[in-house]
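The domain 'Transcription factor IIIC 90kDa subunit N-terminal' annotation in TrEMBL covers 58-499. The feature domain 'DUF5921' is assigned by TrEMBL to 500-577. Residues annotated as region 'Disordered' in TrEMBL: 573-625. Taken from TrEMBL, the feature compositional bias 'Basic and acidic residues' covers 576-592, 614-625. Per TrEMBL, compositional bias 'Acidic residues' is recorded for 593-609. As annotated by TrEMBL, domain 'Transcription factor IIIC putative zinc-finger' applies to 692-744.
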């Protein structure tokens, strides 16, 4: 009956119905015509050639990883409000390729050396040639140095709330890194070494735990042992919440993420990371799935979520053509269901390799249900598959998009906001595919992405789209110079806009995430427009004020603060040139006659008048800057007062009796009481005063023990002149040498202490009150 009702609802629509996947807004389509793409400066030159089949990877925290032969180059897009430069602000770091060679172990060292010697001189040429040509088995042939693949975890996996980075080198070393402090990287765990030790303990047995019948002198057994621990790709799952039983039998919610590693023999090795991931010893082997794919090529997660039902699977592509989904079983995840059998998405063995697999969750506009769009490149074609789960079961629709490129597709990227697929081939052409739903299938609208003139005639090695689809990054060579190919190639990373400033502003106003940091790529386009025009668009400011009146959310106030702060930077005059310039007054007096002297007087009057105009202009600009600064102070004060009320509310709920919570409660109460027009503050202050029962717990200076009065939310000064900065999250005075600062250097936050209660530690986990940036 359910299947029939679905069919009836679908049949009620016209047969030729086409529904776009892009949401609509008032006044027209939200993601319709995106305008001409504009190249942003700077162009980033790489120190070494790119390496790997997919050299670019863009994280959810706005960091772009570029695989090169010497290191993994990382560029972080920072939407800086402390500069008036119109260029993209990029913080560059790198993870160097290890200098020591990685050698896989398949048995005892003496036995492995004997085997190597045997197969180097094997009498059978079919065996000897295969062994000598294999860079994994034969160490004498040498291996390439460089990064093969990089994969970013979801946001929030690191201790500071950012992304972990999985890095695979060309010599098959898989490591996990996190950003240590600000511009440093720290290796947390070597998964290749960890898995090799596990295989050694198990005697290199398969999943069934049966010991191998053959020894290393058997060539097939030697190949099997190498292939079962040679990683090809790795991909992170989304964050799952599981139940964990404590020693006192209490049950708490714990977040975890899985890393799936595709091995050369087709095995899928799953590693479990409990969040936040701090120590490499905490990584746990989770499961191994034998896919049966003999020549795997690429990997991606398929994750389905609809209401309280969740499913996961791993999409595996093959070098010979087939694509399938392997079920992943998760225990302890609420509402989780598992596929009973593998799902074949494409079964033809046509010797066309499957690469660049991407999976996008979508909402089917006709059936009003969740679905998944899977795209991949197969030679010159783009393979797509639409998965629909209905009460009748799982429906698979697949086909190919042909006629896109005359050369094979080298890279494929997907924009999740207003779903669009971008493909590029070796000749430098970039195509955009926009999916639209029909009653039973999908139609892809094909467009040529207009490139700036200085990006044509270049060989593109890879593309990637930023988190919210604001920018597309592409890595290319410099192209032909003076009708000749240069002797030495230089590799560069270019950034091209995909959204107009008006479109970016609309998306920011309607953001479902309500977090400025997560929308930093869109914010940067708005910042660029304000710096160019030296004004905030009137329509944007009007709509923002209207939304603040309707929904008084901190996110909208932070957005307003961002706009005003960028406006203030745009009013800053550029640095003047103070070099000494020669004067010609003496020469005029000595050479010219009386008529020249009269002309000189007239010139002097004109110069005086222009100087007066200039000074008047400067005065107006200074007045405007003062007004904008007052505007900034007013918005900052509003945000601080709202956060103070939030902190006091938490204090009130978590103190049963009057006690010293180390948070300056009395100071916050007095600060809020200065505004007599805030009714919410009056009610909250009344409740807190009744609970404190006239007791006060004053903060004291750690140097002289004098009382630290609460007169400013940014700093505290005692009577002896000692000054301490205040934590923006708890408003405590940071009287230690170590503390955290937000990414944009707006504020500081103190580090949690072991004796702090859990609710204070939770307060200190929040992002910056002013800009939503993480505390590092």
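Counting starts with 1 at the first residue shown.
Cβ atoms are placed via backbone N, Cα and C, with glycine included.
Automatic, uncurated: that is what TrEMBL annotation is.
If you look at the compositional bias 'Basic and acidic residues' (614-625), the same-chain residues 6 or more away from its ends with a CB under 8 A from one of its CBs are 568, 571-573. Taken together, the residues in the domain 'Transcription factor IIIC 90kDa subunit N-terminal' (58-499) have a mean pLDDT of 90 on the 0 to 100 scale. With DSSP classes pooled into helix, strand and coil, the tally for the domain 'Transcription factor IIIC putative zinc-finger' (692-744) is 1 helix, 13 strand, 39 coil. Sorting the domain 'DUF5921' (500-577) by DSSP state (H, G, I as helix; E, B as strand; all else coil) yields 56 helix, 0 strand, 22 coil.
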